[in-house]
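A short worksheet on the structure shown next.
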Amino acid sequence: MLLGIISYTVLCFRYRTFIFILTFLLYASFHLSRKPISIVKGELHKFCAAQNGAEVRINSQSQKASALPSPQLLDNETDCGWAPFDQNNYQQLLGALDYSFLCAYAIGMYLSGIIGERLPIRYYLTFGMLASGIFTALFGLGYFYNIHSFGFYVVTQVINGLVQTTGWPSVVTCLSNWRGLIMGVWNSHTSVGNILGSLIAGYWVSTCWGLSFIVPGAIVAAMGIVCFLFLIELFVLEDTPGLGFTHDCMFGFSDPKDIACSSTLVAHSKSYENGVHRFRLQKQALPDEKKLLDPETQCLLLSDGKRAVHQNHVITLPAEGGGSMAAISFTGALKIPGVVEFSLCLLFAKLVSYTFLFWLPLYITSVDHLDAKEAGELSTLFDVGGIFGGILAGVISDRLEKRASTCGLMLLLAAPTLYIFSTISKMGLEATIAMLLLCGALVSGPYALITTAVSADLGTHKSLKGNSHALATVTAIIDGTGSVGAALGPLLAGLISPSGWNNVFYMLMFADACALLFLIRLIHKELSCPGSATGGQVP
């Protein structure tokens, strides 16, 4: 008995570590491919010396010192950027590019969770990564083929936004049993991906900006192949009272042959592929109890493909039909306590986060007068702060067991910090660096906590009575609503920034206040009745 439990624990740890690392890398590559557009903005429209006696601007770009061929300028072009973004309305055009991607992402996210929980995760995620790689690279090909059609760049952004929705519900479903600190560490993939994307895109931005998209596109496509080869279908083993063993674990099997099943169960092998199934660790049934067990629901977990780990441990898989739970409906997921509040909170929190994601390098360029490469590198400090903010939010929420209160505290501190940043960042590079780290932590902390631990809490809420099918749908609803804010933020920044960057920061502070407002009821509920806001889930 003890030997079986030890073997189970070792196998548990091995698979958990593998899934943690793999899903971290997979979603980091998604964010890596989203970052180039913010870095390249400073190159698509440069502050330059205009021709024919027009208004003189500061040229922040050095002469291209590369042997790479540069497309010829059109007759009506100046050296102020890439047509059509070299015009005076460049901020609105760049904002429209962001909006195209993020609006498509928001709309697609509502459908992605519903579709994803009905398809094999491995195939679904692989398709999304390969398609995302193709359309990210396609944007960069506009440089080499001298494409100046605004519609071309909008269409590539729209399709890329749609296919990228395959990512988040899939990877969160893979980690549905994890909470707090571990999820905070894991969610740093967002910031790691942004940092790598900034550095990779920045390397070529001043010499050949097309490669700033093609290289990240190739990376995310390559990770899609890795996903197809190595992502294993996930099965959750739940705690079982009376066995003296209460460790949650996720096991994965790349093929149904990895599980010893009856011939009847193998005939229904399709059921393994649809999302995540819950298993229950049981003591071996007594002789007089065996007749109560349906042979179609019994499988023995194998450790080496030939032998069972221990004959006293039985993995029970509900057969298709009446015993299994159907995927939750969209309206059913909305009825889960806390889903609406956290979704609306994330809408405004993500509005702030994605405004920084897409516009921070251009803001740094205009305020500190750096070129696109230097501004892109400096903007990574915001994501470095985001790593610490996500981990800090996970630690605090673990200790307090209060998700909403943790988010509320960080949102309360974020609003005045944004105002200080807008003031101090104009005083010099050193002040900008310090405030980037602090703002990154406070802005990204609530966003990270809601999209990971809170989503997992709500997706496994006690009102669902163990229906694990709900997780992908709940995750998609929360992140989809947040993505509406992500689409609005960069768009509003493009519209407001011509009137002054201070007005952009006022808009961001107002959004933070709205995010906090939607959490007031849940915070009050947590303080008066601990553990109730997200269904009493604790780490």
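Every residue, even glycine, has its Cβ placed from backbone N, Cα and C.
Marked as domain 'Major facilitator superfamily (MFS) profile' by TrEMBL: 22-527.
Under the heading transmembrane segment, TrEMBL lists 12-30 (among others).
Look at TrEMBL and you will find 93-111 (among others) tagged as transmembrane segment.
Note on the transmembrane segment (123-145): residues 26, 29-30, 33, 36-37, 71, 82, 115-116, 152-153, 156-157, 159-160, 163-167, 170-171, 208-214, 216-225, 227-228, 231 of its chain, located 6 or more positions outside it, place their CB under 8 angstroms from a CB of the stretch. Marked as transmembrane segment by TrEMBL: 123-145 (among others).
Residues annotated as transmembrane segment in TrEMBL: 213-237 (among others).
Cβ atoms under 8 Å from those of the transmembrane segment (339-360) belong to residues 34-35, 37-38, 41, 98, 102, 194, 333, 379, 382, 404, 407, 411, 414, 418, 439-440, 443-444, 446-447, 450-451, 454-455, 458, 474, 477-479, 481-490, 492-494, 497, 504, 508, 511-512, 514-516, 518-519, 521-522 of the same chain, restricted to positions at least 6 beyond its ends. Feature annotation from TrEMBL assigns transmembrane segment to 339-360 (among others).
Annotated transmembrane segment per TrEMBL: 380-397 (among others), in sequence order.
Under the heading transmembrane segment, TrEMBL lists 404-421 (among others). Residues 338, 341-342, 345, 349, 352, 389, 393, 396-397, 435-436, 438-439, 442-443, 445-446, 449-450, 454, 505, 508-509, 512-513, 515-516, 519-520, 522-523, 525-527, 533-534 of the same chain, all 6+ positions outside the transmembrane segment (404-421), place their C-beta atoms under 8 angstroms from a C-beta of that stretch.
Annotation comment: TrEMBL describes 433-458 (among others) as transmembrane segment. Away from its own ends, the transmembrane segment (433-458) comes close to residues 168, 172, 175-180, 183-184, 186-188, 190-191, 336, 338-339, 342, 345-346, 349-350, 352-353, 356, 378-379, 381-390, 392-394, 397, 403, 406-407, 410-411, 413-414, 417-418, 420-421, 424-425, 471, 474-475, 478-479, 482, 515, 534-535, 537 of its chain (Cβ-Cβ under 8 Å, at least six residues beyond either end).
Tertiary proximity for the transmembrane segment (470-492) is limited to same-chain residues at least six positions away from its ends with a CB under 8 Å from its CB atoms, namely 95-96, 98-99, 101-103, 105-107, 109-114, 116-117, 165, 168-170, 172-173, 176, 275-276, 327-330, 332-334, 336, 339, 342-344, 346-355, 357-359, 447, 450-451, 454-456, 458-461, 464, 504, 507-508, 511. Residues annotated as transmembrane segment in TrEMBL: 470-492 (among others).
Look at TrEMBL and you will find 504-523 (among others) tagged as transmembrane segment.
Long-range contacts of the transmembrane segment (380-397) within the same chain, counting only residues at least 6 positions beyond its ends with a Cβ under 8 Å from a Cβ of the stretch, are 180-185, 187-188, 190-192, 194-195, 198-199, 356, 360, 403, 406-407, 409-410, 433, 436-446, 448-449, 452-453. Distant neighbours of the transmembrane segment (93-111): 34, 37, 41, 44-45, 84-85, 87, 150, 153-154, 157-165, 168-169, 330, 354, 358, 362, 476-477, 479-481, 483-484, 486-488, 490-495; these residues of the same chain sit at least 6 beyond its ends, with a Cβ under 8 Å from one of its Cβ atoms. Confidence in the domain 'Major facilitator superfamily (MFS) profile' (22-527), given as mean pLDDT, stands at 75.
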